[in-house]
Amino acid sequence: MFKWRSRELIVLILIAGCIRAPLTSLSPQINQIREDLGISVSLFGFLTSIPVICFAIAAPLPYTKLFRRISNELLIVLSLFILGFATISRSIGNSTNVFIATIILGIAIAILNVVTPAIVRRDYPTKITVIMPIYSATLALVASAAAGFSIPISRFFQDSWRIGIGIWALLPLITALLWIPVLRKAKKKTFEDANYWGTLLRSKSAWMVTLYMGLQSTLFYAQIAWLPKMLMDQGYSEIRSGALLGFTTFTGFIFTFALPLIFGRGANQKNAILLTAIPGIFGFAGLQYLNTGWTIPSLVLVSATHAALPVALGLIAMKSPTPEQTGHLSAMAQGIGYGLTAIFPVGFGLLYQATNSWNIVINILIGICVIQAVIGLRANR
C-alpha cells in the first residue's frame, strides 16, 4: 500500500497530463477546423493564443482576496472539473462556442499552472528538483500523445475533429475524481504581507525568472500552434505533420526526464539552461535551411527547448524561501511571462499570411533561443 503522501504525489503528477493535451490536440487539425468553422489562418492563430492570454490574466487569481478562503486543494479539483467540461464544450457548437470554451479552459489551466508548483514547494520542499522534472516529463508525454493521436482518433470517428479534441476531457475529469480524497487534508492558505508584491516587482532576480518563463513558453506555444502547418507547407500530409508534432513533444519528454540524470539535482541550473536553448538554434536553422531529409534531426534538436519548462519551474521554487512566496513568484512569472508570450502565435500567423513564408518566423525563433540562454544564465545567479 502506498502511503497517503505517495498517493497524493502520484495524483499531483497526473495533473500535468491534463494541462497540455487540450492545447496540443488542436493544431494538427488546423485544416479541418478552419474549413468547418470558416476561420482564417490568422484567426486560428488567435484561437491558439487564447489560452496563453488567459494564463497571463488569470495567473494571479489564486493569490487575490477573491480566492483567499479557497484552499489550493479545492482550487485544483474545481479547475480540473472546469477544464474537463470546457474541453467537451469546445468540441461542440459553432466558432463562437469554440472561442468561449477555449477562454474557460485557459483560465482553468492558468490556475493549475500556478497552484501546483506551490503545493510541491509546500509539501515536498526537499524533493523539488526531483518532482518537477517528473511532473514536466508527464506533461510532455501526454502532450505528445494528444498531438500524435488526435488525427487518428478523428479519422476513426469519420473525420470528426470534434471527437479528436473532445476525448481529452477524460483526463481532467478522471484526475479530479482521484484528487477529491485530498480535500480531507486540505491546508489553509497563509498570506504574505501585501508589501511582498512590491518587493517582488522590484527584484531583478524575479524579473529574470519571469522573462525566462515567457521566452521558453513562447518557443513551446509557437511550435504547438504552427509546427504542423510549417510541415504541411513542406509537403507532409496532415496526419504525418501531427505525428511529427507528437514526435517532437515526445522527444522533449526524453530531454525533460534526462536532464536531472545528466546534470544532477542541484540548485545550479547552468548546464540545463544551455542544453535547452542552444540545440534549438541549430534545430530551427535546420528546418529553414536544410532539405526535408534533415527534418527529423532538426526536430530532435528543437525538442530540447521543451525541457526548459522544468528548469523554469525549478527556478521559481528555488528562488522562493516560502511556499507562499513560491505561489506569488509563480503568479508573476506566469502572468507577465505568458503575457509576453501571447502576442507571438498571432504575430507569427500574421507574418505568414503577409509573406506566405515561414522564414521570418523561424529567424525570430532562433533569436529567442539565444535570448533565452542569456536570460536563463542571469536568472540562475
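For all residues, glycine too, the Cβ spot is worked out from N, Cα and C.
TrEMBL: automatically predicted annotations, no manual curation.
Under the heading transmembrane segment, TrEMBL lists 42-62, 74-92, 98-120, 132-153, 165-184, 205-224, 244-263, 272-290, 296-317, 329-352, 358-377.
The listed stretches are 132-153, 165-184, 205-224; of these, 132-153 has the most Cβ pairs under 8 Å to the transmembrane segment (244-263). The transmembrane segment (132-153) makes no contact with the transmembrane segment (74-92): fewer than 3 of their CB pairs lie within 8 A, with pairs spaced 6 or more apart in sequence. Against the transmembrane segment (42-62), stretch 98-120 has more CB pairs under 8 A than any other of 74-92, 98-120, 165-184, 205-224. Cβ atoms under 8 Å from those of the transmembrane segment (296-317) belong to residues 117, 120-121, 128-129, 132-133, 135-137, 139-140, 209, 212-213, 216-217, 219-220, 223, 244, 247-256, 259, 269, 272-273, 275-277, 279-280, 282-287, 290, 326, 329-330, 333, 369, 372, 376, 379-380 of the same chain, restricted to positions at least 6 beyond its ends.
Nonlocal intrachain contacts for the transmembrane segment (205-224), taken as residues 6+ away from its ends with a CB within less than 8 angstroms of a stretch CB, comprise 20, 23-24, 26-27, 48-49, 52, 55, 147, 245, 248, 276, 280, 302, 305-306, 308-309, 311-312, 315-316, 319, 329, 332-334, 336-341, 344-345, 348, 361, 365, 368-369, 371-372, 375-376, 378-379, 381.
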